[in-house]
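Colleague: Here it is: the structure, laid out below.
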Amino acid sequence: MRVLGFGCRIIVFLALWMGVQAEIYVVTVEGDPVISYRGGVPGFEATAVETDENFDPTSLFVTSYAQHLEKKHDMLLGMLFNHGSYEKLYSYKHLLNGFAVHISPDQAEILRRAPGVKSVERDWKVRRLTTHTPQFLGLPTGVWPLDGGFDKAGEDIVIGFVDSGIYPHHPSFAAHHTEPYRPVPKYRGKCEFDPDTKRDFCNGKIIGARHFAKAAIAAGAFNPTIDFDSPLDGDGHGSHTAAIAAGNNGIPVKMHGYEFGKASGMAPRARIAVYKALYRLFGGFVADVVAAIDQAVHDGVDILSLSVGPNSPPATTKTTFLNPFDATLLAAVKAGVFVAQAAGNGGPFPKTLVSYSPWIASVAAAIDDRRYKNHLTLGNGKILRGICLSPATHPNRTFTLVAANDVLLDSSVMKYSPSDCQRPEVLNRNLVEGNILLCGYSFNFVTGTASVKKVSETAKSLGAVGFVLAVETVSPGTKFDPVPVSIPGILITDVPKSMELIDYYNVSTPRDWTGRVRSFKAVGSIGDGLMPILHKSAPQVALFSARGPNIKDFSFQDADLLKPDILAPGSLIWAAWSPKGTDEPNYVGEGFAMVSGTSMAAPHIAGIAALVKQQHPHWSPAAIKSALMTTSTKLDRAGRPLQAQQYSETEEMKLVSATPFDYGSGHVSPRAALDPGLIFDAGYEDYLGFLCTTPGIDVHEIRNITNSQCNNSIGHPSNLNTPSITVSHLVGTQSVSRTVTNVAEEETYVITARMHPAIAIETSPPAMTLKPGASRKFMVTLTVRTVTGTYSFGEICLKGSRGHKVRIPVVAMGYWR
């Protein structure tokens, strides 16, 4: 996330008396938070949620105990430090018992030694990690009709977004074109007022809106001019993710006079609750994010969509699962909230995930079946492929090509990189007008200091009929996305093709002895790039999507837990954008944007989870996650095994066979998830068992974070009842148990398993019959046959007599004794 400068005189004064070394710390203290308090403090009744269900934060017991915790936080700080020498930013009461405070490192040491203090961790940063995807996922015909149509899909389900805020005036979030929204009594959130318009941000569709920036302000990172001291989205990211999950159906995506389809969220009738904790330049701080999550759960959201994650594994805790961020989410799940989190954008390299824990649905990003292509036809007959969402030049005509470097008004402007075509004032309009402007794609486009949008504006302002951007060198990891523009344009992304263009231009352009052009003879025409092409080779795992194996600690040791969990569309996703958003240079000032990232994949799962929650309101978060995972697919539209984008030896993009480390259980199949047949359920105690049996985790660390003892054990972390099996260090033979619960009619299931030959796999019993609501355990035995030094992959399939098919991936690496 991000950080900004704040010039307020009060903050300057605070910085003076707190010292330049003051930093933000997240502190946890002894005593249970509301979610797990079972009584024992005189005068305060128990408030604990015993199972994974929503709790009532408005009860007198909860509010009085929460106030008690906050007073204890204030008393502790007041006893240790002089008034004015510290600034408490937040009290965490519902999911964690602790607070965020702005103090000096010396004061932090005093806090660490204070009785009753369990942990003091320096705050760290986090970062932000559609028109077609509803059809691609089969929602309009396969899912929405089951909920009464798109105008009922997600009704009364509240999705909370911890992101960069929202642009409330966007048609994707309008309430006046729909059937009136009725109150949602279970939701208790509030709406802040826009300090400029004096109107609140809510309208029935948007049901709550708050912002959290105390840590960003204390760090001197917040600039109210561009970050907005309100839930208003100054980035674009938050509006985009909210629209993907819960935006209104049938919203025309219009830009530059062209319509690119009609946008819809996955659950278009779901409500949106905004908890802004991410900002334009710096991302955000964990102290603010934890406060936002705590508030969202307190307010009563059903689903949390988190397109946010740490920059790296947490260095302040030994394990990835026990940092304050993940621990807060564990408490949220205990409260009955389903959490979808972006897996991260560090792919295609292994161990790049930034979403680690079993209680979270970690979402990888896929490319769907829609591709945009365009072409440039040269005067010598060659056709060069490229991308750009642009109209074509006039049919049956060619136009002269003029290179930016050849039409400079003054050669001294070379220091401004005129070939980027970002500055129309340095180019000669008389030479450009009526022609196609030829520009160069430099590293400035990668850093964001140049944009295709600006090239288009430059060409248009000079009277050009179009533009061409030639990519002469490609840095590893550079990603080219099509950009909508108002005039004919094309980006030639292939370097050899760009060289063909440049060679043709140079050969066709006579010059005098000084190098000045005598006449422009190169010609060409630009095709129509507005129409998408639908491919059957979809979905594919996107190049940028983070990969497993999952890690359990800062030293990158493998965990006995498969991540990511599931794959969803995350590449070139059209959705709402904030006109005030500046996150994407090509969409500044626009109402829609087409962007990519696991940030876009997570809200797909959040919205689909809302549809499952609507159908099955009493299912636990683990049950919803299980339904999504066990019904996913490992095949593309052509019926072939999923492929993943990967780098070749020459750093070109290639396709390879995908594995569970790329896609988890597979690509989401929403219709099947509504009727999974069986679920693998788990709850808070099960997650504690996972933590308590994971090697390398100190039981005192678990107690400090969860306020729970390790008095129950599942034997081995692989026995956690997840819809996947991972054994990162298989020696000899190991048996793993799983329990399934029937959520349909009575059915008999036959259990089969297959595995890479290096690992033998057996299941017992071979079949079982379950009545509605019944649960049964089965065993999976894995045996090392050959030590390969790599992971082996397989799967277990439970095929039901009524047609249900339940599939879970199996991952193991064998070692000799």
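Backbone N, Cα and C atoms are what each Cβ position is placed from, and that goes for glycine too.
When I checked TrEMBL for this same protein, it listed these features:
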{"type": "ACT_SITE", "residues": "ASP163", "note": "active site, charge relay system"}
{"type": "ACT_SITE", "residues": "HIS237", "note": "active site, charge relay system"}
{"type": "ACT_SITE", "residues": "SER599", "note": "active site, charge relay system"}
{"type": "DOMAIN", "residues": "66-127", "note": "domain 'Inhibitor I9'"}
{"type": "DOMAIN", "residues": "154-638", "note": "domain 'Peptidase S8/S53'"}
{"type": "DOMAIN", "residues": "701-811", "note": "domain 'C5a peptidase/Subtilisin-like protease SBT2-like Fn3-like'"}
{"type": "SIGNAL", "residues": "1-22", "note": "signal peptide"}
Colleague: Grab the pLDDT values for the domain 'Peptidase S8/S53' (154-638) and give me their mean, rounded.
Modeller: 89
Colleague: How big is the Cα-to-Cα gap, in Å, between HIS237 (active site, charge relay system) and ASP163 (active site, charge relay system)?
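Modeller: One finds 7 Å between the Cα atoms of these residues.
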Colleague: What is the interatomic distance between the Cα atoms of SER599 (active site, charge relay system) and ASP163 (active site, charge relay system), given in whole Å?
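Modeller: Distance between the two Cα atoms comes out at 10 Å.
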Colleague: Tally the residues of the domain 'C5a peptidase/Subtilisin-like protease SBT2-like Fn3-like' (701-811) by DSSP class, grouping H, G and I as helix, E and B as strand, and everything else as coil.
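Modeller: Going through the domain 'C5a peptidase/Subtilisin-like protease SBT2-like Fn3-like' (701-811) residue by residue, I get 9 helix, 62 strand, 40 coil.
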Colleague: With DSSP as the reference, give the number of residues of the domain 'Inhibitor I9' (66-127) in helix, strand and coil.
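Modeller: Secondary-structure composition of the domain 'Inhibitor I9' (66-127): 24 helix, 21 strand, 17 coil.
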